[in-house]
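The annotation UTP binding site is assigned in TrEMBL to LYS100, GLN163, GLY192, ASP223, LYS361. Under the heading substrate binding site, TrEMBL lists HIS193.
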Amino acid sequence: MAVAADVKLEGLRAATDKLDQISENEKSGFISLVSRYLSGEAEQIEWSKIQTPTDEVVVPYDTLSAAPEDLNETKKLLDKLVVLKLNGGLGTTMGCTGPKSVIEVRNGFTFLDLIVIQIESLNKKYGCNVPLLLMNSFNTHDDTQKIVEKYSNSNIEIHTFNQSQYPRIVTEDFLPLPSKGKTGKDGWYPPGHGDVFPSLNNSGKLDTLLAQGKEYVFVANSDNLGAIVDIKILNHLIHNQNEYCMEVTPKTLADVKGGTLISYEGRVQLLEIAQVPDEHVNEFKSIEKFKIFNTNNLWVNLKAIKRLVEAEALKMEIIPNPKEVDGVKVLQLETAAGAAIRFFEKAIGINVPRSRFLPVKATSDLLLVQSDLYTLVDGFVIRNPARTNPSNPSIELGPEFKKVANFLARFKSIPSIVELDTLKVSGDVWFGSGVTLKGKVTITAKSGKLEIPDGAVLENKHINGPEDL
């Protein structure tokens, strides 16, 4: 097998060298990722060695010291911080064109608007200078460059840089797809957010930030509305010299597939479902043994990133992602930023409140954040204290609601859901204005169009047609 792998790699290397759309850094990063993949260096997790992390390793949020009272002390902390949002994803799954971060979330504000408003209000309140970095992919770069122009008069420094662009590999002969004449976007892929560390370095942004005296970067998905700057966390990391911190939060039944933190051979590391041997998958999904999951809110020391990237030490687990492009089977290899935790010194998790994890992955999430369950204050999405249940309602909307435009058309106004437990909607359903949903509600348009009248109050109801209203 070793010979075959060498031959494969050499063929790929020779063909990649001839691709002039990408930089030398990207070529060498790509080849080293592929060579790690072919060498099969992924070691199997020995299940018996997995230990539940202690409170020293995964620190409960409520044991963190209070943030400093003194505004000037807080300013000093914040002046060491940079906020980085992962902005490589498109809004295609929600039926939108362009970067996902420009979908309107609430009151006409997009994800990006809210992020800018939040950081601006921080800079204004403390007189600090927290810059915003956006890591784009080649899919979102051009649009994002145009979009950020509208913030040019804001009290915030915005930097953009691109994550790497790697060629998709044709499964059959292990050659890069772009060398077969597929030179458009389809020939390439962004290799996952684990690429944030080398890209930050290759773009020159890392050196710029270090020269400005910045020490930590707070990395989060641009669609996580809960990922706001937390001074208590920053303060803790600086005082304890933790090079890396992953925010985790207690699992609910909706999160059973999320990666979790474990102690393994004396280090803290991320355990993803893909690494779990088949016979232990149910145990992995249990909420008893693995109680927490990764929110992908990560805090990382910039000097440590520089040191590890230059030493080529960040060898995160490789996630093979097979795809098909115009009938051709291709392979793309990716890595995840959370998996880097085991390479940093004094790495910890912090078990944060669920409010710091509010991702918008689908229109059902949009329904939550546009409803009376939340309000918007200074760009921050704040949960309505009138809801006593700590977990959000579970919402399932049928395919008719999948695209944002269709979702918005089908609600004259977003229903009141403060007292809702579960909602399941299927078929051609249209909501009037001022509707209130409580308890467990199922609405199924069995035959044709079903309109929920203005002002309807539905509590613990199964509705199959107008006769049930």
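Count begins at 1; order follows the chain as displayed.
Glycine is no exception: its Cβ is also placed from the backbone N, Cα and C atoms.
Of the recorded residues, ASP223 (UTP binding site) and HIS193 (substrate binding site) place their C-alpha atoms 14 Å from one another. Across the fold, the C-alpha of HIS193 (substrate binding site) and the C-alpha of LYS100 (UTP binding site) stand 15 Å from each other. In this structure, the binding-site residues under consideration are LYS100, HIS193, LYS361, and the one with the smallest number of other Cβ atoms within 10 Å of its Cβ is LYS361. Within its own chain, GLN163 (UTP binding site) has GLY88, MET135, ASN136, SER137, PRO190, PRO191, HIS193, ASP195, VAL196, SER199 as residues 6 or more apart in sequence whose C-beta sits under 8 angstroms from its own. For the UTP site, whose binding residues are given in the record as LYS100, GLN163, GLY192, ASP223, LYS361, the maximum C-alpha distance rounds to 21 Å. Neighbour density for GLY192 (UTP binding site): within 10 A of its CB lie 24 other CB atoms from the protein chains shown.
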